[in-house]
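Lifted from TrEMBL, the feature list:
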type	residues	note
TRANSMEM	51-66	transmembrane segment
TRANSMEM	86-108	transmembrane segment
TRANSMEM	128-153	transmembrane segment
TRANSMEM	159-178	transmembrane segment
TRANSMEM	190-208	transmembrane segment
TRANSMEM	234-253	transmembrane segment
TRANSMEM	274-297	transmembrane segment
TRANSMEM	330-355	transmembrane segment
TRANSMEM	367-388	transmembrane segment
TRANSMEM	408-426	transmembrane segment
TRANSMEM	438-460	transmembrane segment
TRANSMEM	466-488	transmembrane segment
């Protein structure tokens, strides 16, 4: 027996450094025969049973496309732009799918997730900067998600529970997550499936109550339209799709299945099923986001209140417009928002564990890592909640700042992903080819340019005073320099490592 095939030997090797999942936690998948021929792998029949066993990571990943921040951008896009931005929602989801498939490809082909590979491939100073940026992006997303849950809890309790109480309740969900994790990955994935189904039912119910125009909906998806009045909403729709922490998360989630990354056949099979599963998951997320956008397009497009709608007052506006029924639409909205907030905060905690463990190689117990990760966002979120209690209008200002915060982090997830996925010494035959590489970089540049537009427009409207302007200029200079460094390394170091990998391969043969 080969040493790599011995379970105890593999377990000892796994324990030497932090990994996404222990061997005992992974889902055992009925694998293919030990074949290496690409032609043999290509003839393997499709198996619904295998697809079912691989189903889970993509749906957990898709929750980031359904978090409260996305819901708010979609409802505002519908209220202000009507059906005109549905085509952008579709293509933004398609771009998000491409990025997430690359993340899954990296995780399966290397057997390590993005944070671990950044630790190994980048110098210490760059790794620390990338880790800090990833944590900041996660905190920003977590604040939006926790506030969304707190708003839903306040609505469902008829105001008996203030926002700060909802924040505390939501903060405790990390313990629920840890409790569920003890029962295995599949049980945890089943809980998320229920939460996604809850969102789908709630927002589909709202869709049925408001009865959006089917013809305008179809035309909105098929015919691109963009006006000066909807540029801000268009930027928000695209900017909310690519979540930095989600890029790290998906590369770790795919390792919950026991796939031997040294066997080409097993990797190829895993990528095949993960691609199908991720596409299906993001199609579901697109439909849910479509429901939200069209409901608010039908209800508020062209009205005086369109520009003032946000998460806090959206339910009340819907209630005033459509009133009661078998179940008041206010509570239907709150149920969907609560499912979105709770699911996204738990996956945020999950992502935080992988990010911290991967970048720092911390060998901490999972409950301790979850507690540390959760604590990063709770204190600022409680402060925000206390401010919201006295001024609902602060939510728009907060979301602008948080959107800018996450926009800043986008390059520090996308560039390392594309850089590492192109390296032959890491990916072997599964590295991205020239055509896919060029297309992926075009998508990345487009997303970064759109988020850059958001950043520039925000700074130009908010920055006042010489000292603040100097500080912003210095920050932007350092920011651009680091982005250039990452791009330069992806070009030069990738070529050098590929040459070394080929040379070592020749020596071994």
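The backbone N, Cα and C atoms fix where each Cβ goes, and this holds for glycine too.
Source: prediction; values computed, not measured.
The transmembrane segment (159-178) and the transmembrane segment (367-388) are in contact, since at least 3 Cβ pairs between them lie under 8 Å (pairs 6 or more apart in sequence). Counting Cβ pairs under 8 Å that are 6 or more residues apart, the transmembrane segment (86-108) and the transmembrane segment (234-253) reach 3 or more and are in contact.
If you look at the transmembrane segment (438-460), the same-chain residues 6 or more away from its ends with a CB under 8 A from one of its CBs are 95, 98-99, 102, 232, 235-236, 238-239, 242, 400, 403-404, 407-408, 410-411, 414-415, 418, 421, 432, 472. Just going by CB pairs under 8 A, the stretch in 51-66, 128-153, 234-253, 330-355, 408-426 that sits most against the transmembrane segment (190-208) is 330-355. Between the transmembrane segment (128-153) and the transmembrane segment (274-297) there are fewer than 3 Cβ pairs closer than 8 Å, counting only residues 6 or more apart in sequence, so the two stretches are not in contact.
For the transmembrane segment (330-355), same-chain residues at least 6 beyond its ends with a Cβ under 8 Å from one of its own Cβ atoms are 20, 60, 63-64, 66-68, 71, 113, 115, 131, 134-135, 138, 141-142, 145-153, 155-156, 170, 173-174, 176-177, 192, 195-196, 198-199, 202-203, 205-206, 209, 245-246, 248-249, 252-253, 311, 314-316, 318-319, 366, 369-370, 373-374, 376-377. Sequence-distant residue pairs (6 or more apart) of the transmembrane segment (408-426) and the transmembrane segment (234-253) include at least 3 whose Cβ atoms are under 8 Å, placing the two stretches in contact.
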